[in-house]
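> Annotations per TrEMBL:
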- 6-22: transmembrane segment (TRANSMEM)
- 59-99: region 'Disordered' (REGION)
- 59-69: compositional bias 'Polar residues' (COMPBIAS)
- 79-92: compositional bias 'Basic residues' (COMPBIAS)
- 134-155: transmembrane segment (TRANSMEM)
- 167-189: transmembrane segment (TRANSMEM)
- 201-219: transmembrane segment (TRANSMEM)
- 263-281: transmembrane segment (TRANSMEM)
- 302-323: transmembrane segment (TRANSMEM)
- 343-361: transmembrane segment (TRANSMEM)
- 397-418: transmembrane segment (TRANSMEM)
- 487-514: transmembrane segment (TRANSMEM)
Amino acid sequence: MAVFGFQLLLTIIVLSILNKLSPKYSFARWILTKGGLIRYLHPTNEQLKQAIQQSKNDELQQQQSITGKNSNSINQNNHHQRKNYRKNRRNHHQEEHTKPETFYVPKDLRLMLDSEPLTLFNLVQLPYYNELQWLIDFSISTVLVYFLTESYYTFIRNGMNDEYNLSIVWCLLSLGFVMKILCSITATYFRGEESIGERSICIVCFCIYLLVAMIILIADEETLEFGLLDAYRNFSTNAYHLLQTQGVIENAYGPSSFLMIKFWLAIICGLIGALFAFPGLRIAQMHFDSLVYSKGNQFLTIMLHLSFVSPLFICLAWIKPVARYYFVEKNSISSTTFESGRLILILAILMLRFCLFRHYLQSYLNIAPQKISYLRKQTGKITNIDIQKLIARVGHYLSVASLQYLTPLLLCLFLALLTKSTGDYRWTGTLWLSTNESTLMDNDTMIVDNTNNTSHLNSTTITNEDKTAEDVARLALTLLRDVFNPIVLRGFMGFLLWWTCSCWFFTSVVGFIYNNYFRI
């Protein structure tokens, strides 16, 4: 078990860089502050009063223009307002710490919001910023470790042989951080009495996706090629042989029934659907606003449409009559190449969405002037405190909006990387082989895997009483690898990957339909 090699050295180097340099040089900080993002400031009390006075002066000026009266006093007042504008802006932060003054403002008031570039000083005060910075930095480190390890063992060592892939541990840790943040954000909707609507949406999404998952799990394997049945048979057989070899059981069919495994998979699918409810709706709103602001840029509009629709291709890639029948059976592409192409397609789609991250964030920040425009269409009055909260709330939840965009993306990314590594897939496929040769090679690989698993399980009983702790650890890891072999992990990880991408896409579609037809 040669763990103390290149992988451990790479892990130590990346962890040292992450620990020493992340407080000073952060990729998350760079992508948020160096991308030209513009945030809008909430109006101060003096600005609101000046806007009210300006509105009254405009009305009076219109009346005087009709009656032909002189308006020199109004012009002098406007000059005085422009002179004091810079002074009022300097008192913006001092006003926040004084006792708030409350007065009413007309909703149809003409109000122009001030804007400034997004800086680090603005970010560190936001909730969930530390989680956002850590998630981005650690995810970048995980991707770096993963692909450096893949490159080393592909081009230099020509395979990992009996070594254990430490990059899988990195992916599992990143996956845990993503799920923790998703659960933390979703849990805020279940606290207090003000978020009853959000809580209801999460519960409804859980029930709907639970029902859909149950329907999909009873579908024929000839339609959706997850390989769950083969994975269960392999897992059940190996687990039964393991327990029988260790003397735990003598007569049993298997550790669990296929129906119970499907039930727990459906529960997991429902939870993923509930966690993706508001991230999907947020992405849909960002996409809708991005299309509005990119009407003059045709290339950007095409990229936005492609980014939004592209997860549908992932959903279709696991439908056997659509994808495998066309590419493998009709076009003579090898099965290994087709499976590698699916993973590369997922990485390309996720890379496209990550490249548009800043543009989507700017569309979110542009919600602030949209709220003012929507407010002007209404009649009545609103307090100055309410209008300031209305604008400040947009920038206050910038980190949450960023996490709602990134967490589904990173979850799909690390599931794809885990599927590739644990399922023993290849990045390049077998393009240099003919169809018959590649089919024979795939069958031989499956037979060799089953033979190796059986031989390992039959030889797990060690009668040596002087075995060391290293032997015990090696034996335990070997037993786990035999039970959770690539055949098992291909089925379950492939299904979770497909389901995650599908939830992400269909929730976004529902949100886009709502923004397109029901948003005021």
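For all residues, glycine too, the Cβ spot is worked out from N, Cα and C.
Please go over these features one by one and say how buried each is and what sits next to it.
Here the transmembrane segment (134-155) has long-range neighbours at 6-7, 10-11, 14-15, 17-18, 22, 26-28, 31, 165-167, 170-171, 173-174, 177-178, 181, 403, 406-407, 410, 413-414, 417, 427, meaning same-chain residues at least 6 beyond its ends whose C-beta is under 8 angstroms from one of its own.
Remote same-chain residues near the transmembrane segment (201-219) are listed as 186, 189-190, 228, 262, 265-267, 269-274, 276-278, 499, 503, 507 (criterion: CB distance under 8 Å, separation of at least six residues from the stretch ends).
With a threshold of 8 Å between CB atoms, the same-chain residues lying at least 6 positions outside the transmembrane segment (302-323) that come near it are 222-226, 287, 290-291, 294, 338, 342, 345-346, 349, 352-353, 356, 359, 494, 498, 501-502, 504-505, 508, 512.
Beyond the ends of the transmembrane segment (343-361), by six or more residues, the same chain brings 31-32, 35-37, 283, 286-287, 290, 294, 300, 303-304, 306-307, 310-311, 313-314, 317, 398, 401-402, 405-406, 409, 412-413, 416, 419-420, 425, 427, 497, 501 to within a C-beta distance below 8 angstroms of the stretch.
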> Counting only CB pairs under 8 A, let me know which of 6-22, 167-189, 263-281, 397-418 has the most with the transmembrane segment (487-514).
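Between the stretches 6-22, 167-189, 263-281, 397-418, 263-281 has the largest tally.
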> In the same chain, who gets a Cβ under 8 Å from the transmembrane segment (6-22) while lying at least 6 residues past its ends?
133, 137-138, 141, 144-145, 148-149, 152, 157, 163, 165-167, 170
> Which bits of the chain, at least 6 residues beyond where the transmembrane segment (263-281) starts or stops, bring a Cβ under 8 A of a Cβ in it?
179, 182-183, 185-186, 189, 198, 201-203, 205-210, 212-214, 217, 404-405, 407-408, 492, 495-496, 499-500, 503-504, 506-508, 510-511, 514
